[in-house]
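Record features (TrEMBL):
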TRANSMEM  A:16-35  transmembrane segment
DOMAIN    A:19-209  domain 'MacB-like periplasmic core'
TRANSMEM  A:291-315  transmembrane segment
DOMAIN    A:294-412  domain 'ABC3 transporter permease C-terminal'
TRANSMEM  A:336-369  transmembrane segment
TRANSMEM  A:389-409  transmembrane segment
C-alpha cells in the first residue's frame, strides 16, 4: 500500500507527462470501445432490419443489391418488374401476404417508397415487431397522402396536415420536383431504428399519379400536363413496381418457391431469403469492420508504448529517487514494484478516462448518430466483452510496465546507494 | 570489551575483471564513536559505502556489522539489515521532492518494522518521532512538516535528511559528504547538531568527506587512502 502511495506521489510529481500519457491511453481506449460498440450495435441493428419476410423478389441482379435497395434504401434497382408478375405470386396459394414496393423518388434526401397498406400490417423488423403509427393514420384512397418514418418527421419538422413535394430521383439535391402534385402528411410511424424511419411511404397510386404525365424520364410540358385533380380521376394502377416481399403460409415452401421464382419464364426475377442475404452483406462489411477493430487495437498498443516510453525515459532521471529509496530500506523488488504500480496507475487512469470520454461521446452523439445513421448507441454499462478488452489492456500495460521495472531492478542493484546526478 | 559496531577484516574488493579497488586489512568503528574518514573521490569511498550498506559483497575477507557477517546474508536480508541498523545522509538532494517533509523523515519506518517500533517506543508515535527529531534539529515550525521537501532550503533539507537517518535509532549513521553543499558556518553547526543527535540516540557516526578541515571536530579521524592498501601504489 505504501508503495502505491509512493508511486502515485512520484507520478503526481511528473503530472504533466503522466497526464499526457494517461490521456493518450484514454483516447485509444475510447476509440477501441467506440469501435466495438458501433460494431456490435451495427451488427445487431443490421440483423434486426427485417424479419418475418420469407422472400424478397426483384429484377434479376445480385442478391446483395436487391437487399440493399429494397430494405436499406441504398442504391437503385437495375430494372423494374411487371405488375402481373407480382400478381402472379401474390395470388399463389402458398403465399400468406405480399407487399409490393416501388422506389425511385425522394424528398430532401429521404427515399420515397410506394406500397400498399399491407406494408403497415405485415412488414416486420427486430424481434418480429410490426410497424405502428405514432400519429394519424395510414394512407387511404386519396393518392396524395404520405406516411412519414419517425426520423423524417422529426428531422424535417413535419406534422399531420403538412404539405410536401416529392422530388424525382434519389439525389439529395434534386432539380426536378413533382411540385404540381403535393402530398399531405396523414400519419407518422413510430421509431423502429431501421431504414423505415428514414422513408416516406405513399400509395402505389400516388407513385403512379406523380409520374402519370412523364414520358421517358422527363415531365410533360404545357398541354400534356395532368393536374393532381385530373390524376385523381384516372386509373392509377401501376404497370410496374420495383420489388415485392412475400410472407408464406409455411416456411417449408420457401426454397421451392424461391427456385420457382428464379426460374420464372415470363420475366427474369430474383428471389432472396433476407436472412441469407443479410449474412452475405455482413460478411462483406465484416472485413472492413474487422480492419477497424485491428486498427483500434493498434492505436491502443501505440498508447501503451507511449506509456512505456514515458516511464523508460523517466528512469534515468529518477536514479536518485531509486537510490534514496534503497538507502531507506527499499529492496530492488520494491523499486520494480513501484514501476509496475506506476504503469498500472497510468493504465487504470487511462481506462477510466477513456470510459468517461466514451460515455460523454455517446451522450453527445447519440441523437446525431441515431438520426443520421439509424444506429442506436445505448448508454449502457460495458458488456462482458468490453470488460474483457479492458482487462486485456490492463494486462498489456502490466506486461509493458514490467520492462522498465526490470530495468530499474537491474539499475538499482548496480547503483546501490550511490547517487548519480 | 564491547563488540565493535563495524569490523572489517582482510577485506578485498574488486569489480569483475579489474584490479582490486579496496584492500583493507583491518578497520573498526566502536559503538557511539564519531569517526571522520577522509576520502577523496576515486579512493574507493563509494565502493566502501556500498560494502557497508550490503549492496556489494566483498571478494575476500569479512564485514561485520553489529557482529553480523554481512556476506553470510542473502540480498534481501542484507537490505533489511541495512535499513534496520543504518541511517544514511548523502551529499545533497537527499529527499524525495514529491513527498512532504514529514513523509521523508518517516520513510525508513515504512521499510523497517524495527525502526518503526523503536521510533514509536521512544517518542510515542512515528509522527511524533519525526516532529521531535526535526524540532531538535532546529526545524520546529509545525507548518513545515506538511510542506513539500523541495520547498526547503538546502540547509534545511540536510537537517531533514539527518532526522530521517536518525529516526528509529539506528546504531549507525553514515554521512557521505553531507556538508559539501553547505557554507562554512552552517557546515560546523550542522555537524554539531548531528553529533548531539547521534549521542542522544546512541548511534555511531561514520562521516566520509574530502574536507580535512572538519576532521578536528571528530573523536577520531582516518584517511581511506592510508587504510586502503590497494590505493597506495597509485599514489606513490
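Cβ atoms here come from the backbone N, Cα and C positions, even for glycine.
TrEMBL labels come from automatic prediction, so no person has curated them.
For the transmembrane segment (A:16-35), the residues of the chain that approach it from at least six positions outside its boundaries are 292-293, 296-297, 299-300, 302-304, 306-307, 310, 314, 346-347, 349-358, 361-362, 382, 386, 389-390, 393, 397, judged by C-beta separation under 8 angstroms. Outside the transmembrane segment (A:336-369) by six or more residues, the chain places 3-4, 6-8, 10-11, 18, 21-30, 32-34, 37, 303-304, 307-308, 310-311, 315, 325, 330, 375-379, 382, 390, 393-394, 397-398, 400-402, 404-406, 408-409 with a CB less than 8 A from a CB of the stretch.
Away from its own ends, the transmembrane segment (A:389-409) comes close to residues 25, 29, 32-33, 36, 300-301, 304-305, 307-308, 311-312, 315, 322, 332-333, 335-344, 346-348, 351, 382 of its chain (Cβ-Cβ under 8 Å, at least six residues beyond either end). Broken down by DSSP into helix, strand and coil, the domain 'ABC3 transporter permease C-terminal' (A:294-412) contains 104 helix, 0 strand, 15 coil.
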